[in-house]
Amino acid sequence: MIAKIIDGKYVSEKIKQEIAKQVRKNMNSGKRAPGLAMILVGHNPISQIYVTNKKKACEQVGLISFLYTLPITATENEIFQLIETLNNDNRIDGILIQLPLPNKLNKINVLEHIAPDKDVDGFHPYNVGRLCQRSPTLRPCTSRGIITLLEWYNIDMFVLHAVVVGASNIVGRPMTMELLLAGCTVSVTHRFTQNLKIYIENADLLIVAVGQANFIPGSWIKQGAIVIDVGINRLNNGNIVGDVHFSSAYERAAYITPVPGGVGPMTVVTLIQNTLQAYDDHHLVR
C-alpha cells in the first residue's frame with residue numbers, strides 16, 4: 001500500500017482564500033480589519049521565525065498584526081500590564097504569547113491574563129475547559145487544524161481507534177478532547193509508555209507529537225492507518241523530518257502528513273481562523 005499525502009500546505013492556502021474573501025466583505029460593509037497582537041519575549045531565533053510566519057499569514061488575508069517585542073529581562077508584571085492594555089484595546093481581537101517563554105516566567109500565569117475571548121491560541125483554562133465540556137469556543141490551533149485536515153479529506157473518524165503519542169498541553173491533551181468529540185476511541189500515550197509498539201500497531205488513526213526525529217518506525221504502523229505527524233525536527237545534515245519515519249510509514253499507511261508541509265501550515269491558518277472567529281464574536285456582542 002502507498003499512502004495518500006495529506007497536504008496541509010494546499011488546504012491552508014484554500015482556507016486563507018476563504019478568510020481573505022470574508023475579511024474583504026466585512027471591510028466593504030464598513031467594518032474594520034481584524035487585529036492580532038503577538039507578544040514575543042526575548043530573542044529566541046526559532047520563535048522569531050514563527051512570529052514572522054504568522055505576520056505574513058495575517059498580511060495575506062487582510063488581518064492587521066501588532067508585534068510587541070519585550071526584552072528577555074521583562075518581568076511577569078510588565079507582561080501582565082501589556083496584556084491588560086491589549087485586553088481593553090478594541091482594535092485587537094486576538095492575543096497570543098509566542099512560546100516558549102524564558103524559564104523564569106510562569107507560562108500558566110501569563111496565559112491566564114489573556115481575556116478568554118481574545119485567547120486565539122486556545123490555551124486559557126476557560127477555553128480548554130469549554131473543549132473538555134464538549135462546547136468549544138476558541139480551540140487550540142494544532143489540534144483544531146488536524147481535525148480540519150481530516151475533515152477536508154473526508155476521513156470519517158467515528159469509532160476509529162485513535163492513538164495519540166505525546167501528552168503536552170499544546171497538542172496531546174487538546175487533541176485527545178477533539179478526537180473524543182469526533183467519536184473516536186482514544187488511547188493517550190507518550191515516549192515512555194510501556195509496550196508503545198502494541199498501541200501503535202492497533203491504531204486506525206495515529207497522531208504523534210513528541211519532538212524526536214524518526215521516533216516511530218514505519219514497521220509499527222498498521223496497514224491502512226491514518227498517520228498525522230506533528231513533529232518537526234532538524235537533523236545534523238540540515239534535513240527537516242517528523243517524529244515518524246516517513247519513507248517506511250508511507251508504504252503502510254492509507255494517509256500520511258509530510259514534514260514539512262503537513263500539520264505546520266494548518267496550525268498557522270487555524271490561528272487566523274480563531275482570530276476571525278473572535279472578531280465576529282466581538283461585532284456580534286457590540
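Glycine is no exception: its Cβ is also placed from the backbone N, Cα and C atoms.
According to Swiss-Prot:
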type	residues	note
BINDING	GLY166, ALA167, SER168, ILE232	NADP(+) binding site
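Residue environment of GLY166 (NADP(+) binding site) contains 23 other Cβ atoms, counted within 10 Å of its Cβ in all protein chains. According to DSSP, ALA167 (NADP(+) binding site) sits in a coil region rather than a helix or strand.
The Cβ neighbour count for SER168 (NADP(+) binding site), using a 10 Å radius over every protein chain in view, is 15.
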